[in-house]
Ligand code: AFP
């Protein structure tokens, strides 16, 4: 069965990118072990004023250390760190953006959480998502899976008991489907978001939402539909972040035949102003994203 290493070689990734991806993917092993000893909340807040779970800081510190020591990464931007880090001794020019532990509030309830990563060439993290050379996420569920694109379709691997990622699904296509998940409380939704959700509910769309973006997206990738974290009244940029959450997942969605938008613009085309900027996110099957765009355009007309 094809391993991650075989796949990266056959996809034409150079040695530096192959080593970097494998290094990141293997962090799933210590991360899985750390869950049991890092259940609680840390006494720290991140740049957004959100309380950090012990696993947020543990995974962040672990991956940061490994990337710095690798000499493969020139810049790193993490959702958990205020500043962009520069590793001036790096021998390669890769730049990495990451949400080291997405959905961390769910660890105590043993629901699936994940690590989201985007990789750029050229040494800079502040680039539109479309410039990513690779995007991936590890999902810590009943299995540990790695969903990855290097710009040549989407592949899913599962970590076996020997620490090797083995191919689970090749050339993944996101079907059209009728699952939906949306963040935000209904009274806080904007009119266009409320209209969109009402429309698809009337047509039989079924709610599936755990509160772990990476797990909720994976369900959409497999079964089709849409994940939304919309603009909210008083929070026009929503909750999720362009660089760490929208761009890597958006790149994977597009490579699987889906799409991502803020309702008006493809998020992969947005030039980031700051590392931590937030954005409304709609990501999912092509037809669903088309419906979102129509709904927003109708409201503007
Ligand atoms: P945490 O990482 O703090 O648990 O936040 C999770 C998250 O950023 C994302 O994974 C979810 O989709 C979203 O927040 C859920 O937010 P709501 O609790 O507002 O639905």
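Just so it is clear, glycine is given a Cβ too, placed from its N, Cα and C backbone atoms.
Note that TrEMBL annotation is computational and uncurated.
The shown structure was predicted, so the numbers you read here are calculated from the model rather than taken from an experiment.
According to TrEMBL, the domain 'Fructose-1-6-bisphosphatase class I N-terminal' annotation covers 28-166. The feature substrate binding site is assigned by TrEMBL to 102, 103, 104, 105, 209, 239. The domain 'Fructose-1-6-bisphosphatase class 1 C-terminal' annotation in TrEMBL covers 176-295.
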Open item on the list: Using a 10 Å cut-off on CB atoms, tell me which of the binding-site residues 103, 239 is the least crowded.
Closed with: 239
Open item on the list: As a quick check of your reading of DSSP, tell me how many residues in the domain 'Fructose-1-6-bisphosphatase class 1 C-terminal' (176-295) are helical, how many are strand and how many are coil.
Closed with: 53 helix, 24 strand, 43 coil
Open item on the list: On the three-state reduction of DSSP, what should I expect for residue 105 (substrate binding site)?
Closed with: helix
Open item on the list: Taking ligand 1 as the reference and 6 angstroms as the Cβ limit (strictly under), which binding-site residues among 102, 103, 209 are close?
Closed with: 102, 103
Task: the domain 'Fructose-1-6-bisphosphatase class I N-terminal' (28-166) - residue tally per DSSP class, helix then strand then coil - done: 34 helix, 54 strand, 51 coil
Task: Which same-chain residues, if any, lie at least 6 apart from residue 105 (substrate binding site) yet have Cβ under 8 Å of it - done: 53, 211
Task: Mean of the pLDDT scores, which run from 0 to 100, over the domain 'Fructose-1-6-bisphosphatase class I N-terminal' (28-166) - done: 93
Open item on the list: What are the sequence-distant neighbours of residue 102 (substrate binding site), meaning same chain, six or more residues apart, C-beta distance under 8 angstroms?
Closed with: 113, 114, 115, 116, 137, 212, 213, 214, 245
